[in-house]
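**Student:** As annotated in TrEMBL:
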- 1-22: signal peptide (SIGNAL)
- 22-120: domain 'Cadherin' (DOMAIN)
- 582-601: transmembrane segment (TRANSMEM)
- Lys681: ATP binding site (BINDING)
Amino acid sequence: MDKNMPFFVLLTCLAVLDSVQGTLQLSANVPENAHAGETVTSVRSAIGEGKEEVRCEIVAGDKNRRFSVTNCVIQVARPLDYGVDPTYNLTVNVIGSSGNPEQLYVDVQVQDVEGYPPVYNDTCEMPTRTAWGNSGDLNVDMKWTVKGMSMNIGEVFFSNHFYYNPNSVKDQVSTRVYSDNNNCLVQFVWKPMNGDDITFINSLWSTSIERPCLNCSGSPDGASVLQFEVLHSSTGFTPSSSGSCYTGPIPQTDRQFIFGGSLTISSMKRNLFTCDLPDNISVSLIPHGNGRDVIPLLVEFDAQPVGCPPNKYGVLCDQNCTCENGARCHGLNGACKCQPGWQGVVCDIPHSTVVIIETPSDSRRIYISGTVTLHCKVFHLTADRMMWKFPNKTEKWLQGAQEDRVRIHKIQSEHNGTYTCTVLTGDGTAINASYELQAVACPPGKTGESCEEECVCSHGGSCDRWAGCVCPPGWTGTTCQTSCPVGTYGQGCSRRCRCQHDATCSPTHGRCNCTEGWFDNNCSRRCPAGRYGWKCRHACACKNNAKCNNVDGTCACVSPCTGKLCDVIETETYTFPLSLQIAIPLVLTLLVTAPVVLILYKRKKAKHDAQEEPLEETRVLLELRSMEDDLAQSLQPGWLNRWERNADDLTLDELIGLGATAQIRKGRLRTADADVTVAVKSVRIEDRRCYRAFCREVAALIAVHENSEEENGGHPNIVKLFGVVTMSTPKCILLEFAAKGELLLILKQPRQNRPLGRFVRYAVQISRALEELRRLRIAHGDVAARNVLVSGDDVAKLADFGLAHDVYTETTYVPAVNDDVDELLPLKWMALESLESREFTCESDTWSFGVLLWEIAAFGEEPSYQRQRQLSCPKLVGLLRQGVRLDRPPGCPDKLYDVMKSCWREEPSARPEPAELEQRLTECCQELDPLLAVDN
């Protein structure tokens, strides 16, 4: 309702003297959206202004007290509703000094107003918010993400939330939002207020004249749509073409541009909008004051309806709800959803009716084999008799009942149909209410005709009564256990990847991970001129108009230039005979270099172990490929240099860990933002086994961080990497400092007031780490309590991706396959197939995770098979082949032990995936301690 509209009271007052009856009659028209206090008509216009002082009162015809009289002026007292009462025949007593009332009849006609009252649209029903959202006071959390190609630095990524602060003058001036409609449409106008925003809008305007409307699609059915348009003052802020998409109001402004848009909300669910970008578009983004011309490759908007605080509505949550009698206020347009027995704009008019109220109220939660209660209730009526009629044609009669309940247990298909409740009043009027029961789905986790079969789906898959597991995009298989085959993606793996130049695509949404030298959504475009490599992050160094290779940055020189960077210009020189060309340099070289070589040899011999060569990326990759080709393939060129840190920025503190070949010190790392506390792990590189472990840990952590889907890289349950030092001695890995230390030491502390649920919560968090490693196809190889660190804020983090093997006390040296290097292997944590083949996989990590659970349930005890502390590898393999497994620890719940045993299944593919482990362990946590919150 527009508060700036003038009073829409159209008065048609006609005073007619009825000569027969001697009464006065008035007629008046009033729009149904008239506000309380607005004038309907003045009684004095009928009785005469010069008459003695009188008082007036409404004595009849005012159904539900919609009007009031003040100084003989009839006013609107309560909200009107044309659909409920279009006419009121008021009887007004006019009382003079004599005390004898004179009656006046006022015929009030309520006029229908288009678009009023607002309709409660269940499609875009909003939740009620109890806390401040990521987008401030907006009732939709809206996050924007832009991925693009910058001419300056290669591929860039920007992401942030739209934020509205009602106390900010800037936000009040720059933002206008309109949602007072019935079709879930939100229209908004943004006026750029600062130079950076104006630069961005100006660049967008210059590239969108031919195609002014930017469409962003959300839900697959097309119901959710987000559209934008730049409007310019040169056109009077009117659409520049028939392709315009903004049709909302245009506020007054002195700005050159305004940014208009609309959002159609189709549900309370989160919606990810992907925009259809025009060809050859380029915009100017100025993050943190650094201007960049960017070619947008991906523009997304993530919209999550969060609602307004109680009794507020509107996109900005700046309107007050007026609903009464327990009615629900719509979060967008303020429409009221009345409780049974009430009607009207604000649900303040009694409604004589009969209704059937179902429990559960959401029909989607009424399942086969479940229970539903139907409650027939009479409102504002006196029932003489009540009758139920059921789908099987039977009836149930009740005498004088005002309400009755029918409860249906173990619903089956024969229970579906129409349930009718008929109420007969004293005057013989029959009022019916009906409810259609259509229970066709099984409860969660069940399938089959009778919904008695178990249905366990991985990766968030849902169960269908007839089809079994319905897999989310990116997964397939009977239990959604298998990722889409290479080259396919999406729901049912039915869509084909369109990535070019050997790029791979995400099985979930089909986005391409381009190989070196290529970019764009399908990796079809070479890096822009002057850029090369992965994500075009490297700047070409070629000189003199040489052509730079987009893949590796090598230079193709133009004559007469030569050299690696084409920075050497060839000149014509006199050509000596071939014999002299060979002899002269050789003799000169021997004469000059012999003494130098002798001196250097002596110096190098004296410092043989004092100076080491820096690690080279190529050398490390060769070492990795001899161990794990998948891990080596996941690394992008330049990976080691990107994480190299200056040793001068590192300050070492006390020793906090010591092994046979590695030590860990606490330290401080100076960064551009601030000094951070780190754990500095250093190794002796000259030992081949240590060198391999160092290479693997560095590579695994960099792969996790650079291929993460998290906004800040890495994973909350994998130890954070701050960098490496490889250009000086000793070689170091700089890791997140975990204040509470190793989980194993925590488990071994005195057990007073240490509930098991707290430690199982750590296992839930480590299962999430394993899920991330599985996504990246990286095997940890040593999942154990000693390799889990606990941070100061009590979060478990998986650590030691290669260096843990040098601190075991009860292990056996086992020669690695096809290699000359002995590896210390943790036999009692290893999967059966790993013991036999020395190969580690994500499935073997699941086995080790089961042993970690055993350690937790045993509060840090050393695992033992048949009470034997030390077992040779062949003997342990024999026991496992016979079906021997670790015994249930004392006090361990059966449900938790069942999870362990599922991890130790002989067939690797039969072991549960990390997502399933997380779900089952969360349930164990809730049973062990219902008040325990399982978070990140």
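Yeah, the Cβs are placed from backbone N, Cα and C, and that goes for glycine too.
Note that TrEMBL annotation is computational and uncurated.
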**Student:** Counting across all protein chains present, how many other Cβ atoms fall within 10 Å of the Cβ of Lys681 (ATP binding site)?
**Tutor:** 23
**Student:** Tally the residues of the domain 'Cadherin' (22-120) by DSSP class, grouping H, G and I as helix, E and B as strand, and everything else as coil.
**Tutor:** 7 helix, 46 strand, 46 coil
**Student:** Take the domain 'Cadherin' (22-120) and average the pLDDT across it for me.
**Tutor:** 88
**Student:** Could you say whether, by DSSP, the residue listed as 'ATP binding site' belongs to a helix, a strand or a coil region?
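**Tutor:** SS state of the residue listed as 'ATP binding site' = strand.
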